[in-house]
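Per Swiss-Prot, these features apply:
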DISULFID  50-90  disulfide bond
DOMAIN    233-328  domain 'Fibronectin type-III'
CARBOHYD  218  N-linked glycosylation site
SIGNAL    1-22  signal peptide
């Protein structure tokens, strides 16, 4: 959040903390209290102010405690552990006047907690967020893993460079798979003014705000689109007999999602045949080509696979597109 936004948030009031830097507004009426997490830490003093013009007859309650916590327009609490987090409500009579939610972001030995997301193996070591782009259109997908199946929420924001909090629009995070041990979430993002042919001077930054019950954490990934490119597999993979009856011609097309024109955004391809020959010995053959066809040997019990990557920049390879050699009739 930029300096101007912080000033605006605090002037809008409802909640004040001491010191100010120990707490900030995540969204309307939801606040994050940052805590040093060790035995002797004093915690943070938080002053809640009821958002009302009323002055008298106001009482305070908490979602997590049955007793009335105090009376008056303000309530001072000491936030030290998760029992102090949750919802705080001010009332007058039977009417709810305002409500605020406190989340805790804990720091141990100067390191912020990373308990909600699971580490994944990335290209440059371990990471919590993985992102891929299928082209240079500015559209990309990020995903992450968590062990929590319930009481978890995510929100995602993106930017082109940390100084500009806009420029990238991200959708709602969605669960795409899961079992009793691991759940995968993903989000689609789009750079608002993407120019596929322009040189990238600033990286894209993606921040995931993660909430599990009353715990808050955030995770950041910074990258250039060119570094997360992974094309879709080649499409329309076909085999036909060649003049040499012991070989076949395999042909394919660029994936529909790849950037155009293809003369500028060119792909290179890896063609691979593997299987067992008549003597049941494993055979594997690889061919690199910039064309969209190749001639290969293709035994009936083998298959042909083709994958693609950016011709001029060392992107990730696409997944394989494959076709069985049994689909073409050639004499052996």
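Each Cβ is built from the backbone N, Cα and C atoms, and glycine gets one as well.
With a 10 A radius on its CB, residue 90 (disulfide bond) counts 27 other CB atoms from all the protein chains. The residue listed as 'N-linked glycosylation site' falls within a strand when secondary structure is assigned with DSSP. Confidence across the domain 'Fibronectin type-III' (233-328), taken as the mean pLDDT and rounded to a whole number, stands at 89.
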